[in-house]
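Visitor: Sharing the feature lines straight out of TrEMBL:
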COMPBIAS  1-19  compositional bias 'Polar residues'
REGION    1-24  region 'Disordered'
DOMAIN    168-457  domain 'CDC20/Fizzy WD40'
REPEAT    213-254  repeat 'WD'
REPEAT    296-328  repeat 'WD'
REPEAT    426-459  repeat 'WD'
TRANSMEM  474-496  transmembrane segment
Amino acid sequence: MDDPTLSNQRNQSTRSTPRLNLPSRMSDYSLHLENLPAWTMHINRMINSNYNRSPSRTIFSDRFIPSRSGSNFALFDISNSPTSAEGKEDGPGTYNSLLRAALFGPNTPDKKDPSGLPAFRNIFRYKTETKRSLHSLSPFGLDESVHGISHSPVKAPRKVPRSPYKVLDAPALQDDFYLNLVDWSSNNVLAVGLGNCVYLWNACSSKVTKLCDLGIDNSVCSVGWAQRGTHLAVGTTNGKVQIWDASRCLRVRTMEGHCLRVGALAWSSSLLTSGSRDKSILQRDIRAQVDFVSKLSGHKSEVCGLKWSYDNRELASGGNDNKLFVWNQHSTQPFLKYCEHTAAVKAIAWSPHLYGLLASGGGTADQCIRFWNTTTNTHLSCMHTGSQVCNLVWSKNVNELVSTHGYSQNQIIVWRYPTMSKLATLTGHTYRVLYLAISPDGQTIVTGAGDETLRFWNVFPSPKSQVMTLGFQAIWTGYLYLFHKLYSLTFFLIILV
């Protein structure tokens, strides 16, 4: 039985509704739903949501036209009642609140559903709500405290293999903190100083070649490959530096100048820099006739660390006097002096990603990795590692670096910069890890220790995978940006309509 109240309201609405401007013949016909075809009944049923509504099924909308009943207007502080001043679709308050909420999310008050759940759903409903993943594509994030574009999925930490993929025997590899006996060339050849001999290991063919034998009265203290080509510099106990052509196993030149052992070598194009226990640093141009072109003085003890920056403009040196100096190309005195380390500074590494970023590590009494900005002469940060820092190398493919350590854990640590969070801690050496070099592709490192082994580790991703990752991130960011723009455009078009 029909409700009489509804019948009266229906009659009143019929009387108050103005008549349609129809031709005279059509005005004689009464428009009743009963006289219309079946398809018109279906249309009227979809237009009038109060007609023949099923209690078990909710119709939210037709296609892409949002329904008022199924929309989440509470998210934008909009009343669902048409009689409310702020809830009118064409009212200025509605537009202002929508614009404020869309552009200035933090000012939008937090609303909750009657069920107590956060009201983070979309303002309009086009279909029955389904379960969403944690990282929704909706431009309205799932986090109540963060409104606006949702965050991209959190990238899982990269897994670094905990075991070396290759171990080579290195008999007579000295356990001396101040020496540098391992280096990896751009041609993928590893040079190792073992006792009084230098051996070459070809990483492509695994072929081992004996380059030279210095004799009983001499021994190898350092090896260093030229940046390009096949020339290898060898520092010796008697203070001399030999230049070898590795492709022909031929000694090209012997240069003097130091009176004590040469434990550190660094190349800058045709310029070779050597550091010695006699506290001096010599600059040698292998094209010149003289043994050295300049002498750098400043350290008060043995020079054990030398590294040129990637642009070959600045030279960093570390010594047993706990000092870290930075030199330029045309000065015989350091223009930067860092004295914060409390032990010998052998570990030095320039960042290939940021100009002027320098990392240094201290010995047993220090155990810290420090970061410096040489362009502004500032100390950036310090990380206490808990053990002696023997070597540092920066990845060319990602913004990460590796440190090798001695007393007391003999570990290898992969760090993510600048957070300095540990990606991996690698163990296996039974002596302090004094020697470190990186492969030319930037993926593999080799470590050497007094346990007379060389261990090869895959610690960094390949340049190709890094480019693919950056490309995917760029595509994902662009996709989210485009989605947000389209969503906002649709949102405002609906308001205008």
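Cβ atoms are placed via backbone N, Cα and C, with glycine included.
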Visitor: What same-chain residues lie close to the repeat 'WD' (213-254): Cβ under 8 Å, and 6 or more beyond its ends?
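Guide: Contacts of the repeat 'WD' (213-254) (Cβ under 8 Å, skipping residues fewer than 6 from its ends): 174, 179-187, 189, 191-198, 200, 260-269, 272, 274, 276, 278, 284, 286.
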Visitor: Determine how many residues of the repeat 'WD' (426-459) DSSP places in helix, in strand and in coil.
Guide: 0 helix, 19 strand, 15 coil
Visitor: For the domain 'CDC20/Fizzy WD40' (168-457), report the average pLDDT of the model, please.
Guide: 96
Visitor: According to DSSP, how is the repeat 'WD' (213-254) divided among helix, strand and coil residues?
Guide: 0 helix, 23 strand, 19 coil
